[in-house]
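Peer 1: Have a look at the structure that comes next, please.
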Amino acid sequence: MVQLVGSLRKELADSLSACRVLVVGAGGIGCELLKNLVLTGFKNIEVIDLDIIDVSNLNRQFLFQKKHVGKSKAQVAKESVLQFCPTANITAYHDSIMNPEYNVEFFRNFMLVMNALDNRAARNHVNRMCLAADIPLIESGTAGYLGQVTVIKKGLTECYECQPKPTQKTFPGCTIRNTPSEPIHCIVWAKYLFNQLFGEEDADQEVATLENSNTDGDIKRVSTKDWARSTGYDAVKLFNKLFKDDIQYLLTMDKLWKKRKAPLPLDWLEIQKLGMPASSVARDFNDQQVLGVAGYSQLFSRSVETLRSMLADKGDGAELVWDKDDPPAMDFVTAAANLRMHIFSMNMKSRFDIKSMAGNIIPAIATTNAVIAGLIVLEALKILSGDVEQCRTIFLNKQPNPRKKLLVPCALDPPSANCYVCASKPEVTVKLNVHNTLVLALQDKILKEKFGMVAPDVQIEDGKGTILISSEEGETEANNSKFLSDFGIRHGSRLQVDDFLQDYTLLVNVIHCEDLEKDVEFEVVGDAPDKAPTPPSAQEDKNVANGNKDSAEPSTSSKAPAEQDDVLIVDSDEEEPSSSTMDVRMESGGHKRKLHDAETGEASAKRQRLDQPLAADEEDDDIIALD
């Protein structure tokens, strides 16, 4: 007779209480996951997240309350979970998983790692650390109503980086509010600000720091619109609040600026001393023109006055609706976005560029996080039962498929022989101009940004072992401003690249090219970053879900989305589903084919279906996805 502890076999229940697991991320999925883990019987959990709690998190990250705003997500999540499961042993780290202290030996302390992350760089890093430590990883992601869970095991399945992925078009909400690093972050922030001041308010889009403490110590949220009304929509007060006071508040978060350039607050009076009169900002200035800080300050003031008048003309309780073809609305977003870009040391953009990046918003779905977190635990139970082969990639679709199923399991794919991460001898070929490419660009844009390394060391295979880049601070800094050709690198040169933190080695073959497309600095040969891989057609096999023949195909809508002029912004809790595939489509003839996903507009790739019945088996919150 099988002995049960709750709903689990005793052997499995004992395994759960004894094993150590790592949860990376304590946001939308992470909160649900931590709750599920302790209620299932996991006792030894470590959780890491660099983010702090924001007011906008409270409507779906249920481990947090108003009094927790401004505190560490990981620490508060631990405290909240211990309230309903005090016997659990939980360790919380308010830190980035990419810091050197979380090395391969750290990962080897765990039997299982579960990702609840919100950015590709961290996902790539955890993927490599788990491969190096030979620890199973459960990867997950959500985007609106869509979600996905998959299992990664060295030598058995594809790793996170086996398939080329489209250039990342998703950004965590904390990046939008606290640490923007790209112009699009500032444009989305400015559009959120427009809605908060003049349009329909949404807690998820709150971008200003407007909180007061009452006598009981509780945090009381102050509406941005109410505060603006109390000032009479005073443009100068708005300016100093958004671009000075809020930035100074961000500067108090020391950990955010350890490895980032700190923002520089703007002051209205200081800018006016630059001597640019308001009249110098023409009402019909060229859309291609970039005005500068003083010019955008005046444009901000003028657009606020215009929008205030428009709102007043509509009467009490009225709202303005965002329209990229409405000049005052576009002026406001252009000015606010550019001022924020300047604060965070980015090159400012023309109104034409900013208009082309504006778009629509789809809200985050809390229940999607809950479903995905539950599926993560189910896959974890298979792993701890010793049934890794029975693990599946599971897709959560927006609409039921013809079999009336929302959850669609698919077989895990084997590792790709051409993967530049998990192959036995990772190797890539990069096409670039050796006379124009700086060593610093090789380090930052190619090795770190493109190939996801943290601290690369580069040696030229020139018979001398020339060290081009060293991860030791200052050792090769003088090389940064030199071109690759200055070190004898030419067509056919080979670079040996090592990242000791990730226990990762990559051989880079250099192809010299002088006719790259405009604004393209390099290309990875064989890579198609803006397309999902096109799979070969295959006959439909009988699909089986976790040993149950009553299974499901993914949704089969055959309509590709129409071309859109606007950018689509998906406001979700985690990064868009993380694998190279999001959906599986079936043609009426029984053959699989790749179609565009109705939500993202990106091509979806097939996953191989099961061909026989189965036995048994730092941080962050809302995500902005650009289509």
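Cβ coordinates come from backbone N, Cα and C, glycine included.
Model, not experiment: these values are computed from the prediction.
What TrEMBL records for CYS174 is active site, glycyl thioester intermediate. Look at TrEMBL and you will find 25-30, ASP49, 57-60, LYS73, 96-97, 118-123 tagged as ATP binding site. What TrEMBL lists as Zn(2+) binding site is CYS159, CYS162, CYS419, CYS422. Residues or ranges marked as compositional bias 'Polar residues' by TrEMBL: 545-559. According to TrEMBL, the feature compositional bias 'Acidic residues' maps to 563-577, 616-627. Summarising the annotation, TrEMBL assigns compositional bias 'Basic and acidic residues' to 584-610. The SUMO1 cross-link annotation in TrEMBL covers LYS165, LYS220, LYS398. The domain 'THIF-type NAD/FAD binding fold' annotation in TrEMBL covers 8-399. Summarising the annotation, TrEMBL assigns domain 'Ubiquitin/SUMO-activating enzyme ubiquitin-like' to 430-517. Among the features that TrEMBL reports, domain 'SUMO-activating enzyme subunit 2 C-terminal' is placed at 527-621. The region 'Disordered' annotation in TrEMBL covers 526-627.
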Peer 1: Taking only the Cα atoms, work out how far CYS174 (active site, glycyl thioester intermediate) lies from ASN119 (ATP binding site), in Å, as a whole number.
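Peer 2: Counting only the Cα atoms, the answer is 11 Å.
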Peer 1: At a 10 Å cut-off from the C-beta of GLY28 (ATP binding site), count the other C-beta atoms across all protein chains.
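Peer 2: Counting Cβ neighbours of GLY28 (ATP binding site) within 10 Å gives 30.
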Peer 1: Most Cβ neighbours within 10 Å: which of the binding-site residues ASN59, CYS419, CYS422 is it?
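Peer 2: Per the Cβ count within 10 Å, the most buried is CYS422.
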Peer 1: Please give the average pLDDT for the domain 'SUMO-activating enzyme subunit 2 C-terminal' (527-621) in this predicted model.
Peer 2: 36
Peer 1: What is the nearest of the recorded positions CYS159, LYS165, CYS419, CYS422 to ASN59 (ATP binding site), using the Cα of each?
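Peer 2: Going through CYS159, LYS165, CYS419, CYS422 one by one, the closest to ASN59 (ATP binding site) is LYS165.
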Peer 1: Please list, for the domain 'Ubiquitin/SUMO-activating enzyme ubiquitin-like' (430-517), how many residues fall into helix, strand and coil according to DSSP.
Peer 2: 19 helix, 27 strand, 42 coil
Peer 1: Looking only at C-alpha atoms, tell me how far ASP49 (ATP binding site) is from CYS159 (Zn(2+) binding site), rounded to the nearest Å.
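Peer 2: Computed Cα spacing between ASP49 (ATP binding site) and CYS159 (Zn(2+) binding site) is 22 Å.
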Peer 1: Which of these recorded positions is closest to GLY28 (ATP binding site) if you go by CA atoms: LYS165, LYS398, CYS419?
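Peer 2: For GLY28 (ATP binding site), the spatially nearest of the recorded positions is LYS398.
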Peer 1: Between CYS422 (Zn(2+) binding site) and LYS165 (SUMO1 cross-link), find the distance joining the two CA atoms and give it rounded to the nearest Å.
Peer 2: 16
Peer 1: Using the CB centroid of CYS159, CYS162, CYS419, CYS422 as the Zn(2+) site centre, which other residues of the same chain sit with their CB within 8 A?
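Peer 2: What remains near the Cβ centre is LEU131, GLU158, TYR160, GLU161, PRO415, SER416, VAL421, ALA423.
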Peer 1: Given the recorded positions CYS162, LYS165, LYS398, CYS419, which one's Cα is the least distant from that of ASN119 (ATP binding site)?
Peer 2: LYS165
Peer 1: Rounded to a whole number, how many Å is the Cα of ALA122 (ATP binding site) away from the Cα of CYS159 (Zn(2+) binding site)?
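Peer 2: On Cα coordinates alone, these residues lie 14 Å apart.
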Peer 1: Let me check the 10 A CB neighbour count of SER96 (ATP binding site). How many other CB atoms are there?
Peer 2: 18
Peer 1: Please give me the CB contact count at 10 A for ALA122 (ATP binding site), counting all chains in the structure.
Peer 2: 23
Peer 1: Can you tell me how many other Cβ atoms are located within 10 Å of the Cβ belonging to CYS174 (active site, glycyl thioester intermediate)?
Peer 2: 25
